[in-house]
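Participant: What TrEMBL shows for this protein is this:
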type    : residues                                                                                                                    : note
BINDING : B:Asn61, B:Asn62, B:Gly63, B:Gly64, B:Asp65, B:Gly127, B:Phe128, B:Ser129, B:Phe130, B:Ser131, B:Gly132, B:Glu133, B:Asp156 : (6S)-NADPHX binding site
BINDING : B:Asn62, B:Asp123, B:Ser159                                                                                                 : K(+) binding site
DOMAIN  : B:11-217                                                                                                                    : domain 'YjeF N-terminal'
Number of protein chains: 2
Amino acid sequence: MALRTISAKSAAALDQELMSTGAFSIDQLMELAGLSVSQALFKLQPLSKGKRVLVACGPGNNGGDGLVAARHLFHYGYQPTIYYPKQSKNELYQRLSTQVRDLKIPFTEDFHQALSSTDHIIDAIFGFSFSGEVREPFPSVIEALRDTKIPILAVDAPSSWNIESGPPSSGPGAGFMPEALISLTAPKPLVKWFKGRHFVGGRFLSPAIADKYGLDVPKYEGLDQVLEVGVEGDGEGKL
Amino acid sequence: MALRTISAKSAAALDQELMSTGAFSIDQLMELAGLSVSQALFKLQPLSKGKRVLVACGPGNNGGDGLVAARHLFHYGYQPTIYYPKQSKNELYQRLSTQVRDLKIPFTEDFHQALSSTDHIIDAIFGFSFSGEVREPFPSVIEALRDTKIPILAVDAPSSWNIESGPPSSGPGAGFMPEALISLTAPKPLVKWFKGRHFVGGRFLSPAIADKYGLDVPKYEGLDQVLEVGVEGDGEGKL
């Protein structure tokens, strides 16, 4: 299935529209986003493949999605560990952190040690608002993600990738290709360069908003909050 | 499966605790509650049994759960219609209403007419904070729910039932027995008198909170946000 993509700028405008005239709160949208991330992980890496999930959270909304996903994964029976080195003062992220702490989900400060004792990884470091350079402490984290053999699910973007132009040609993310990607609401242009399993999540997109932004409403099945849209990488920028 | 029950007073305290020390927002909790209601309806009444769902919403949180459920049901492929005669000025309910209006889900003012053209019904009129009498315009609505043959899923309580002591012996709800009930977070004492299919929803209860309130964490399966806990009504107040 080919889904149309949305630029970083339009994705930001769409979020703003959902939260203004659309009357959604960020709490709602992040709950549904994180829920879809947790469902994609479950479908990719069922409990039979191991219970331990390392969730790497960045300082912004991508990290918030990671915190919500970690909470849902706990309720599915996984054992999440959270790496969240740049914890924001943002009130929502603080509340999402409290919610996972109340489940006794551990936070780690040592990413490299945590990497040695996990079965799966969620890369929720940078999302569609990322641009520019990877700041400390993330360069060595992204290098480790690039080099590990443990399967990674990236949220909206492999962290350090340019949203429009894809993989960086230099820096810690050069050569970083996660096993799987979940695009929230709609794929970003970077999917053209992505090779791996590809999911889409965010089953709240109205037909009217999809029309306005030139997007497809994915054909989700049953009660699923995610849809696997195929294996990307069949070449030449074809989605 | 027998799940321990929670009194109306304790359920209110639990909600307060989730939203204070638990750091959940009401937006999050209502999103997850409404999502579980939508999943129970889907499991009870798959699309093959008809797409039309009449969602009867009361003025409080039970009605809010109904609005969220209607939105998710739309995304599953149902055709919801909402009856919401006492629309609150509450900012959250107004936002939830906007979200369903943006999907072009119709609101009806004529419950009895709407009842003649639906396949399923959700009773989201009164929840665990109900006590006392049924005020206008709801008495005739509850009589119609009592008398219809169309399957009804009640949210947390068959509307007009006393939360602790169950079915009323007189008034519009005397003899009202919906086909199914979804208990949110934990069953209320009224389930002792309920005869029908029984679901529980709210897959966010932490082990610590469950312990504190003397509740069970239901054994949800897979990605489900609901669990069918059996057919109630095997008699003598046995749950």
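Any Cβ shown, glycine's included, is placed from N, Cα and C.
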Participant: Quick check: which same-chain residues outside B:Asn62, B:Asp123, B:Ser159 lie with their CB within 8 A of the centre of the K(+) site CB atoms?
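Facilitator: Near the K(+) site, the remaining chain residues are B:Ala56, B:Gly58, B:Gly66, B:Ala124, B:Ile125, B:Phe126, B:Gly127, B:Ala154, B:Val155, B:Asp156, B:Ala157, B:Pro158.
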Participant: Give the helix, strand or coil assignment DSSP yields for B:Asp123 (K(+) binding site).
Facilitator: strand
Participant: Might you list, by sequence position, any residue in that chain lying six or more from B:Phe130 ((6S)-NADPHX binding site) with a Cβ less than 8 Å away from its Cβ?
Facilitator: B:Asn62, B:Ala157, B:Ser159, B:Ser160, B:Trp161, B:Ile163
Participant: Who sits close to B:Asp156 ((6S)-NADPHX binding site): which same-chain residues at least 6 apart have their Cβ under 8 Å from its Cβ?
Facilitator: B:Asn62, B:Asp65, B:Gly127, B:Phe128, B:Leu181, B:Ile182, B:Ser183, B:Leu184, B:Lys188
Participant: Please report how many Å separate the Cα atom of B:Gly132 ((6S)-NADPHX binding site) from that of B:Asp123 (K(+) binding site), as a whole number.
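Facilitator: Approximately 18 Å lies between the Cα of B:Gly132 ((6S)-NADPHX binding site) and that of B:Asp123 (K(+) binding site).
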Participant: I'm trying to understand the geometry here, so how far is the Cα atom of B:Asn61 ((6S)-NADPHX binding site) from the Cα atom of B:Asp123 (K(+) binding site), in Å to the nearest whole number?
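Facilitator: About 13 Å separate the Cα atoms of these two residues.
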Participant: For each of B:Asn61, B:Asn62, count the other CB atoms within 10 A of its CB; which of these binding-site residues has the top count?
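Facilitator: Top count of Cβ atoms within 10 Å goes to B:Asn62.
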Participant: Tell me the Cβ contacts of B:Gly63 ((6S)-NADPHX binding site) under 8 Å, same chain only and six or more apart in sequence, or just say none.
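Facilitator: Result: B:Cys57, B:Tyr84, B:Lys86, B:Ser88, B:Tyr93, B:Ala124, B:Ile125.
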Participant: Starting from the Cβ of B:Asp65 ((6S)-NADPHX binding site), draw a 10 Å sphere and report how many other Cβ atoms land inside it.
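Facilitator: Looking across every protein chain shown, the total is 32.
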Participant: When you measure from the Cβ of B:Phe128 ((6S)-NADPHX binding site), how many other Cβ atoms are you left with inside 10 Å?
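Facilitator: So the Cβ neighbour count for B:Phe128 ((6S)-NADPHX binding site) comes to 28.
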